[in-house]
Structures are given as C-alpha cells and as structure tokens.
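Input: a single structure, listed below in structure tokens.
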Amino acid sequence: MAALEYDPNRNVNIALVKYTDGEFRYILAPQGLKAGSKVEAGNKVEVKVGNAMKLKSLPVGTVVHNVELTPGKGGQIGRSAGTSLTLQAKQAPFAHLKMPSGEIRMVPLESVATVGVLGNEEWKHLKFGKAGRVRHMGIRPTVRGTAQDPRSHPHGGGEARSGVGRKKPMTKYGRPAVGKTRQKGKLSNRFIIKRRR
C-alpha cells in the first residue's frame, strides 16, 4: 500500500495500492491499514484485514466489507465509512450476511468480499458547523413543503401556519412520504432471510 488519500466523493478514505507489476490502483481503506501495509487478492490468500477473496474461502464469523451482490460485478454493499457485514453461515450456493441494519441476506458464495471494517468511522460524529460547508458538498437548502405554494407542493398553501391537509404527509410528487416505501413484489425479496429492524 503506497498511501492513504482523501476522496471528496465518498465518506471513506481510499488507499493507493502498488501492484507487483508496478501498476497503481485504488481500494477502499479499511481500519488498521497504513502506508507500507501489504494486501492481497485471490482464493488462497490469508484471512487478514484488506485481503479480498471469495466468500466461500472465508470462515463463518468473518467481518467483511465491499461485497459483490453478483459475482464479477464489483462491490455493491458495505462501502460506507465504519461499515462492516458479518458472514453468519454458508449454505451452497449462498452465504448468509448480516447487514449493519440487522437484515440477513443471501449472497452467492462466488462473490468477492474484502476482510475488515472500513475506516474513517468517526464520520458519523462529524459536525458541519455552518451551512457553507454543506453547500461545498453540493447539497442545496431544503425548503419545507408547508412553506411552499400549493402548485409547488401538496403541503403548500393555506393561511398562516396550516397543517398538511391530507391523511398522510406527501412528497412533492404526491407520493406518501412516510411508512414503507419498498416495492412489495421486488425480485430480490427472495434473498432476504430476515428484514431489517
């Protein structure tokens, strides 16, 4: 590992890795890795922080991150600062992974995962301090629906401070804003063993 770097597009740091053939690439930086650390990827590598391998090669109870949902597609889950997933069981052709939300999900054993917990876990305690710092991140101000005109938002209009005026709060597009929003017949539902708490 050549260096640890800041990435403005994500909340986790990235690590610059120098391959044995001299090529440089980036990976998500796990906790405990520093410049000079050695990381490997493959099926017969040691189970240690930063090493990437297929789920079938990992022992049950291993903490992982950056897991593929479809083998060969690249990491899709467990990519945020301080995040990790726990390998709970292996039942061919699937592994059971426990998400940070408490959800238990089936993922193919052929999928690649990286060992360890992602770094920069103090991100969640970060205080932005002023509106300008948030604006620099590309986030614009949020105007409440009730403060808007009725043609701009379902909550808008009325004299003075009026309520929502509907059974449920709505998004500006007229869809329910609270409660369950996940599509009921979603195909990936069959891979969820236990719903998130």
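Glycine residues also receive a Cβ, built from the backbone N, Cα and C atoms like all the rest.
Keep in mind the model is a prediction, meaning the values are calculated, not measured.
For the compositional bias 'Basic residues' (181-197), the list of distant contacts is 94, 96, 99, 101-107: same-chain residues at least six beyond its ends, Cβ to Cβ under 8 Å. What TrEMBL lists as compositional bias 'Basic residues' is 181-197.
Residues or ranges marked as domain 'Large ribosomal subunit protein uL2 RNA-binding' in TrEMBL: 2-41. For the domain 'Large ribosomal subunit protein uL2 RNA-binding' (2-41), same-chain residues at least 6 beyond its ends with a Cβ under 8 Å from one of its own Cβ atoms are 49-53, 65-66, 75, 79-82, 112, 114-121, 123.
The domain 'Large ribosomal subunit protein uL2 C-terminal' feature in TrEMBL is assigned to 47-176.
Sequence annotations record features per position, and here TrEMBL assigns region 'Disordered' to 143-197.
Here the domain 'Large ribosomal subunit protein uL2 RNA-binding' (2-41) is broken down by DSSP into helix, strand and coil counts: 0 helix, 15 strand, 25 coil.
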